[in-house]
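Colleague: Pasting in a structure now, in structure tokens, and then I'll have a few things to ask.
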């Protein structure tokens, strides 16, 4: 299987910040009193600005709580964008990483989209620069270009299809059945997982998620032996050796569903630890254990939490609402082209009556990537 090396995301080009700088810019945790003050200020500012807060499952718990408390949304990246598109608010405040703000702007071009920190990015996005990716596509004109949601607007604009982790398998299987060869970007682990499941001819860009790439199969197996009653929940951005140990492999929403619906009382979770907040709310009385990211004498860069997600905090959220800065802009021509592969995915989901992401009712989404039970 031919592949191309990804760009080193520890030394990104342009205005974005690398891993070390991201950790250095993570806001300090406010005191309980300061947290209350900030939340009250943000509530008032959301009303003043006719804004709604949309947050990803991976941001810190206080931001997820505030989004829920103010009538906003806590969800996967595409549902964040769809929620914002369908909401009456004139301003969308996106607590997440930059590609999420861009996707929100693509689906809501007439709305103002703000983010607490525009430098909060994603290793998958950084590792797939639009110019290099476009050249890669040009070198393989016979292939259908399928990109993951975790990409820039410019990369999406170069694609035929955009997919999320909850529908990528089905779309690639459909393309394969029609005899199409795939050029996939940017996550090599998710691409390899889909390729093995579908048998499709896939040319993989070699990107990876900083968080999921650090999960260790050997250490996970040791942890499973320590907790033999636990079910293992794994996001498919994880390495093959980790996925092989999973009881359920799925998107963030699908993993939350599994935590709710499976009879087990204990779960080992191989995805960003930010999701544990929603899992504990959705499945009270159950225990959730972080999957290991490093073995003996090893160190981790993320330690199961995205440093760019961690750059979102109550203080910079309040500041962006107060000052109206950190606005996301997408070139209209790029936005129009980027919307085509997104709409193609949504049309596919509608035809197959499949929900692509969460809509707030966890009980309705029963489709799981799974190594046991439903496939």
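Backbone N, Cα and C define each Cβ position, glycine as well.
TrEMBL feature annotations, pasted as is:
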- 56, 77, 148, 149, 150, 165, 235, 236, 237, 252: iminosuccinate binding site (BINDING)
- 122, 209, 306: [4Fe-4S] cluster binding site (BINDING)
Colleague: Which binding-site residues from the set 56, 148, 150, 237 come within 10 angstroms of residue 122 ([4Fe-4S] cluster binding site), judged by C-alpha positions?
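Modeller: Of everything listed, what lies within 10 Å of residue 122 ([4Fe-4S] cluster binding site) (Cα to Cα) is 150.
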Colleague: Can you tell me whether DSSP puts residue 209 ([4Fe-4S] cluster binding site) in helix, strand or coil?
Modeller: coil
Colleague: Determine which residues of this chain, when 122, 209, 306 are set aside, have a Cβ within 8 Å of the centroid of the [4Fe-4S] cluster site's Cβ atoms, and list them as they appear in the sequence.
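Modeller: Other same-chain residues with Cβ inside the cutoff are 58, 97, 123, 124, 150, 210, 211, 212, 272, 308, 309.
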Colleague: Please report the number of other Cβ atoms within 10 Å of the Cβ of residue 306 ([4Fe-4S] cluster binding site).
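Modeller: Other Cβ atoms found within 10 Å: 26.
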Colleague: Please list, in sequence order, the residues in the chain of residue 237 (iminosuccinate binding site) that are at least six apart in sequence and whose C-beta is under 8 Å away from its C-beta.
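Modeller: Residues satisfying the criterion: 165, 187, 189, 190, 208, 209, 211, 212, 213, 271.
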Colleague: Looking at the binding-site residues listed here (56, 148, 235), whose Cα lies nearest to that of residue 306 ([4Fe-4S] cluster binding site)?
Modeller: 56
Colleague: Take the Cβ of residue 235 (iminosuccinate binding site) and count every other Cβ within 10 Å, whichever protein chain it belongs to.
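Modeller: Cβ-Cβ neighbours of residue 235 (iminosuccinate binding site) within 10 Å number 28.
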Colleague: Across all chains shown, how many C-beta atoms besides its own are within 10 angstroms of the C-beta of residue 209 ([4Fe-4S] cluster binding site)?
Modeller: 27
Colleague: Output, ordered by sequence, the same-chain residues six or more apart from residue 56 (iminosuccinate binding site) with a CB under 8 Å from its CB, or 'none'.
Modeller: 74, 75, 76, 77, 80, 95, 96, 97, 100, 274, 309
